[in-house]
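I have placed the structure first, in the form of structure tokens, so that the comments after it can refer back to it.
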Amino acid sequence: MDSKSRGKSRLNRSILTLVSFFGLVLFYLTWYLYTRGLTGADSPGCRIVYMGPSYARITAFDESHTKFASKYSLYLYREQGRDPLPDENEGFKHLGGIPILFIPGNAGSYRQVRSIAAETSDIYFDHYLDQPDGLNPNAKNYDFFTADFNEDFTAFHGRTLLDQAEYLNEAIKFILGLYANSEHPPRSVVVLGHSMGGVVSRVMVSLPNYIPDSINTIITLASPHAAAPLTFDGDILKIYSAVDRFWFQGYDNKETDNTIAKIAKERLSKISLISITGGLLDSILPADYTTLGYLVPPTNGFTVYTTGIPGVWTPIDHLAIVWCAQLRRRVSNALLEIANFDSPDKTYSLEKRMEIMRKNFLSGFEDYTSQDKVAYDKPADHILLKADSQQINFVQEGQKLKVTPGKMPSPLNVFRLPSPKVSKVQFSLLSSMDIGELKSDNNEGYTQPTLLLCNTMDAIKEDANIIDFTNKETTEIVMFKCIDVRDDSNMIPRSAVGTYSLSESSIGGDKSPFYAIQYNSTILKQYDTVIVTGSLGMESNDNENFLLAELSDYNSSQFNIHEDLFSLMTRGAKFSLPLDKPLSMNIKIPGAWSSILAYKLKVSWPEDRETTEYIPVFRTFIRQWSNEPYEVKWHVNIEANNQVLLNMHGIAPYTPFKVKSKEEYGLNIEIWTDSIPDKSLTTIRLRIDLLNSLRLLVLRYRLATISFCVSIILLALVFQVKHYKETNKFPTFLYGLSCICSPWVFGSILFTLSILTPIMSIKPLQKFLNVIDPVVLQDSNEINLSLTDEFKLNSFFLGLEEKSLWFIGPVFFVMGLGIVSLTFYSLLVAGNVIASISRVLLKRLKLSQTEKKQPNPGKLWANRRIIGVLFVLLVIPIYMPYQFAYVVSCIIQSIQVIKILVADKTNKSILNYHLSLLMLMLWVLPINVPILVVFVHNMTINWTTPFSSHHNFLAILPVILLMERYSNSRTLPKMSQTKYKVTQAFLAYYVFYCLVYGIRHTYWIHHLFNLLCCWLLVLHYDAQDDTSDHVQ
């Protein structure tokens, strides 16, 4: 090697060291930020729960009903002191409630049903048993059934997921049979699924053994509907693809002659599906994966985040979502409200169920909930109101009505609504007390505020039921025809002095929440007057009570920040709010629509604000919101913490999103503030927080670690093979990595990765990549694209829609380079340590020369290897998964490397080659481990049925044969120019596949490695034939 080559080599090594160090620092920083606790609206706030659980196993559900009876079990939950326990003699013949089935998730327990089941029983027996007014008169307690899957790994193994779905369909048939002797036997059950249990519930409906109409309501908790969380198993992806297609066809409005589509329409038409997700606190599953997307229309379901559910207002981690006190209260209330014991389905109609679900799980500010508002329906029951014009306080547009204890401007405060043709207006009301009912028997001294939407009348019949606000001194009468809209009030978190967390006013909190109502012109156009009446109670000692109401111009309450994503990233956004700002203002940020970016908002006030004599009745708070999915977060007491970290779930990698203007996906910030007269919020600054954005990459790109690291190892092999072809010496793996870091190569790689992000979202290119994907070529039903043109799905490379995030690819590559370098050095150190210990042990054994020269030991070992290979190839097709053989192959290769290290004088080329091969095998290993975990788990529970998938011995045969051939420490044979080009072309395609397809089709990385081993075998046998011909 000349001095110029040595200089380049030293430069490459220096760059490699620098880049690897930077990559490891970046990786550590990302992991540190991910494990650091969350604050503000993203901090945990669940309360502890208590219950008295008991479980009765239903032994009658045995092999005569299902072939899975020896593996799975069915239980009935009973709350001690509440639910009657089954009699030993009568068994389950006299069940009197409504059947509901709980499905645990990946490695979940049947006992996880206890929290929601206990709360449902408590609410029913404490509140519903006597059927008081205001509660569902047709409600009945639920009989909670739950499946014991022995903590099966449904996220790892597609066949296991199908087994569970098939078992549960048979379980539902059995459960309904338990009620056969009831006076009104049910024909369906409610399904409650956690994690992968929610996916199982969707699979159930698509199977042949599904009983028509046996499921009509599904509630899922943190269930990955939009995408499979792990892609180590091809069966999982096939199931997702088939089930998604079934559900899409079931709700597709297009006429079709397809038999499966017709079946899907019949089965799904009356099913409601609600997907509840815990948001950012879920450290196991990306919350983006829980969206329903194009699978379920708004008439049949929606996705909602727990941060926006009234009274919950907290993100919830993956396991806590089944026991969180606030959420279980909401879920239990919803279950009891949809119950209709008089119906054969034991629930109300789809329309009423959806209305109940929207009221229980959505914040009430969404346009989607307008259809459920009293003001929207304009009910037939009206309130006729007779008022004294002298007692009316007319509140002008833009003027705030302020009511505090004992201080009511007038018994009747009236907002006159302009014609919608003249101007669009918005009415906002905020109160520390719930909106009360206006009663006809008492028109004085109301202790709760009342809100009415009215139309002015000319006359009222004398015999009509009138609420009269007039007296003997009244000279001018004004008459109104009104509706009471108290049911339209939305519970929101308290934001006052001394309030620092959302949990303080959530369900079970020490402080009372606030209540708000907001109407736009779409609803207000039906009326000409808004009336606020009632006081906050003269006798009230709570001086913190208040009511604020305002009618404002709609346009004055809407602001747009026009900066795009690139502008927000580079310079941020800054703006000031007007002096005459309304009670609530919505700020739309069209450029902020990415799920993998965090945003920092800073609110600043004038310096002299604290010196003013005006005392706000509440502290400024922010409602952060977005639609599809419905995500709301509340940031309270902004004065105490004026810097807010905003995380959102908008357009996310690998999940379908509706094709529409990006502005419609933008983040919305609604600021509620009690304005100081003639003062203004000085500035609001918004910028992208790149540091906190790093933590958002972990869950969404955990599989990218494998694909990027494998691609880097393969790139190193490309340069190693090139050097071997030129010099007939196989260089070290470090040489391959240093070649990657040569300035020209490294720059080219970073440039390529940078342009991959923007071009991979181009639709024609996506269609082409889909066509040439070997997974799609194998099965045309497994597509990487959305099933409908109304939605878009980015499945390739990093799955990004944001062209401004071109740098994410290079960042991952730098991280991967650091991880691969660390892996190599760790492997080398571990190998040398083990080799040194082995050499010492061999010396101490003091083997005699006679023992060393035993006749033909190699032949004996060769025979054993052949027997071992034959045994493995025999058991794989009938019992063991091929992943077991791969793990054994990795162990064999590790031993092979140690043997080479022990033989200190061995040719370095052999060591370098085998060490590089071991690096590749070890990074492919994680793809195979999950299936092996499922296999071992089945063995531990004495599930004697042979493993039902992954028995293709061809998927491992080349690997086994190559390991057997390398038992004598061989290296690559000499290659002709043609074979060299084929080898390099295959390695290049392998790199391409890992980067473009590898994250969502990870399991195919193993199959490509298997093909690589097959090609290496061809090279060896061809070289052997050439040698034989030469000898002859």
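Glycine is no exception: its Cβ is also placed from the backbone N, Cα and C atoms.
Since the structure is predicted, the reported quantities are computational estimates derived from the model, not experimental observations.
As written in Swiss-Prot, here are the features:
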- S195: active site (ACT_SITE)
- N12: N-linked glycosylation site (CARBOHYD)
- N520: N-linked glycosylation site (CARBOHYD)
- N555: N-linked glycosylation site (CARBOHYD)
- N784: N-linked glycosylation site (CARBOHYD)
- N907: N-linked glycosylation site (CARBOHYD)
- N938: N-linked glycosylation site (CARBOHYD)
- N942: N-linked glycosylation site (CARBOHYD)
- 15-35: transmembrane segment (TRANSMEM)
- 703-723: transmembrane segment (TRANSMEM)
- 740-760: transmembrane segment (TRANSMEM)
- 805-825: transmembrane segment (TRANSMEM)
- 861-880: transmembrane segment (TRANSMEM)
- 884-903: transmembrane segment (TRANSMEM)
- 916-936: transmembrane segment (TRANSMEM)
- 943-963: transmembrane segment (TRANSMEM)
- 985-1005: transmembrane segment (TRANSMEM)
- Query: Same chain, outside the transmembrane segment (805-825) by at least 6, Cβ under 8 Å from its Cβ: which residues?
  - Reply: 16, 19-27, 30, 565, 594, 596-597, 697, 701, 704-705, 708-709, 711-713, 716, 733-734, 737, 740-741, 749-750, 753-758, 797-798, 915, 919, 922-923
- Using all protein chains in view, find how many other C-beta atoms are within 10 Å of the C-beta of N938 (N-linked glycosylation site). 21
- If you count CB pairs under 8 A between the transmembrane segment (740-760) and each of 15-35, 703-723, 916-936, 985-1005, the winner is 15-35
- Query: Near N907 (N-linked glycosylation site), which residues of its own chain have a C-beta under 8 A away, given they sit six or more steps off in sequence?
  - Reply: T971
- Task: Determine whether the transmembrane segment (985-1005) and the transmembrane segment (15-35) share at least three Cβ pairs under 8 Å, counting only pairs 6 or more apart in sequence.
- Result: no
- Note on the structure: The recorded positions listed are S195, N520, N784, N938, N942; by CA-CA distance, the one closest to N12 (N-linked glycosylation site) is N784
- Item | Distant-in-sequence Cβ neighbours of N555 (N-linked glycosylation site), under 8 Å, six or more positions away | K424
- Note on the structure: Smallest Cα-Cα separation from N520 (N-linked glycosylation site) among the glycosylation sites N784, N938, N942 is shown by N784
- Report, in whole Å, the straight Cα-to-Cα distance of the residue listed as 'active site' from N938 (N-linked glycosylation site). 21
- Query: Name the residues of the same chain, 6+ apart in sequence, whose Cβ is under 8 Å from the Cβ of N784 (N-linked glycosylation site)?
  - Reply: Q766, L769, N770, D773, V776, L793, S795, F796, Y997, R1000
- Query: About how far apart, in whole Å, are the alpha carbons (Cα) of N942 (N-linked glycosylation site) and the residue listed as 'active site'?
  - Reply: 25
- Message: Cβ neighbours within 10 Å, counted over all protein chains: which one of the recorded positions N12, S195, N520, N942 has the most?
- Response: S195
- Query: Which of the three DSSP states, helix, strand or coil, fits N907 (N-linked glycosylation site)?
  - Reply: coil
- Task: Give the three-state DSSP assignment (helix, strand or coil) for S195 (active site).
- Result: coil
